[in-house]
Amino acid sequence: MNTTSSAAPPSLGVEFISLLAIILLSVALAVGLPGNSFVVWSILKRMQKRSVTALMVLNLALADLAVLLTAPFFLHFLAQGTWSFGLAGCRLCHYVCGVSMYASVLLITAMSLDRSLAVARPFVSQKLRTKAMARRVLAGIWVLSFLLATPVLAYRTVVPWKTNMSLCFPRYPSEGHRAFHLIFEAVTGFLLPFLAVVASYSDIGRRLQARRFRRSRRTGRLVVLIILTFAAFWLPYHVVNLAEAGRALAGQAAGLGLVGKRLSLARNVLIALAFLSSSVNPVLYACAGGGLLRSAGVGFVAKLLEGTGSEASSTRRGGSLGQTARSGPAALEPGPSESLTASSPLKLNELN
C-alpha cells in the first residue's frame with residue numbers, strides 16, 4: 001500500500017469533508033451514548049421478566065455502546081490530524097468497531113429469523129424460544145463476531161506521517177490482501193445478513209397478508225422502515241468497499257487517480273454515517289413505541305418489550321405481530337469495522 005503523501009495543504013473540499021465527518025460522529029456520540037444507555041437501563045432495571053427479544057435488544061444496545069465509546073478517539077484524530085494512542089490503541093479501537101459491526105448485524109439476522117419462525121412455525125418457535133437457547137445463540141454470536149473481526153488485528157498498524165505525526169492505517173502485504181479484506185467484510189458484514197433479513201421479513205409480510213392480520217398494514221410499514229434503515233446506513237459503505245476491492249484486484253493503490261481520490265473522500269463521510277447507525281436504534285424505538293411513549297414515560301422501552309415473550313403464541317392468535325414488529329426496528333443497525341482513520345489525512349492529502 002502506498003504510504004506516501006503530498007506536501008500540499010489540504011483543499012477546501014477535503015477540509016469540508018473532514019468537518020462533516022466530525023459533525024456526524026459528534027451527533028452519533030451525543031444521541032447514541034445516552035440513548036443506548038437508556039435502553040440498557042430500561043431492560044435491566046424496569047423489566048422483571050426479560051423476553052428473548054429483550055435479551056437480543058440488550059446485547060444490540062451493548063454492541064452499539066461499545067463502538068460509540070471509541071468515537072472520542074477518532075474525533076481526537078480528526079481534530080488533531082495525528083493518531084496519539086499508539087499501536088495497541090489503534091488495533092483495539094478498530095477491533096472493537098469490527099466486533100460491534102458483526103455482533104449488530106448477526107443480532108439483526110437472529111431477530112429476523114426468530115420473527116419468521118414465529119409466524120411460519122409457531123409451535124416449533126415456542127419450544128425453541130427459551131432463555132437457555134437464547135443465551136447459547138447470543139454466546140455464539142459474540143464468539144463469531146470476535147473471530148470475524150480478527151483481520152483488523154492483522155492489517156492495522158501505526159505509520160509515520162509528516163513530522164512528529166502518525167496514522168492508524170491498514171497496511172496490506174499486497175493489493176490482493178486488501179481486496180480480500182474488503183470483499184470479506186462486505187459479504188459477511190452486509191450481503192449475507194441483508195439477504196437473510198429481506199427473506200425473513202418478506203416471508204412474514206406474505207404470511208400476514210395471506211392471513212389478513214388486523215395490523216398487517218402497520219407491520220408492513222415497520223418492515224419497510226427496518227429494511228430501508230439498515231440499507232441506508234450500510235449499503236453505501238459496502239458499495240465503496242467493493243469498488244475499492246475492484247481497484248485493488250486491478251492493481252491500483254488506494255487513493256490514487258481521480259476515481260480513487262473520490263472514493264477516499266466518500267469513504268470519510270460513509271464511515272461516519274456507519275457510526276451514526278449505532279445511534280439510530282433508540283430513535284426507532286421511540287417511533288415504534290407510538291402511544292407508549294406518552295403513556296409510560298421513561299418506562300416505554302420496557303412496556304414495548306414486555307409482550308415479546310409470548311410472541312409465538314400470540315402470533316397464532318392473529319393479533320400480535322404489531323408488537324413483534326415494534327421490537328424489530330431497533331435491531332437494524334450495527335457499528336463499522338473501519339474507523340475514520342481508514343480514510344486518513346494520508347489519503348486526503350493525495351487529493352491535492
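Numbering starts at 1 and runs along the chain as displayed.
Any Cβ shown, glycine's included, is placed from N, Cα and C.
Topology check against Swiss-Prot: Ala88 and Ile204 fall in different compartments relative to the membrane. Sorting the topological domain 'Extracellular' (76-91) by DSSP state (H, G, I as helix; E, B as strand; all else coil) yields 11 helix, 0 strand, 5 coil. Around Asn164 (N-linked glycosylation site), the same-chain residues at least 6 positions away in sequence with a Cβ under 8 Å from its Cβ are Thr82. Scored on C-beta pairs under 8 angstroms, the neighbour of the transmembrane segment (139-159) with the top count among 20-42, 92-113, 269-289 is 92-113.
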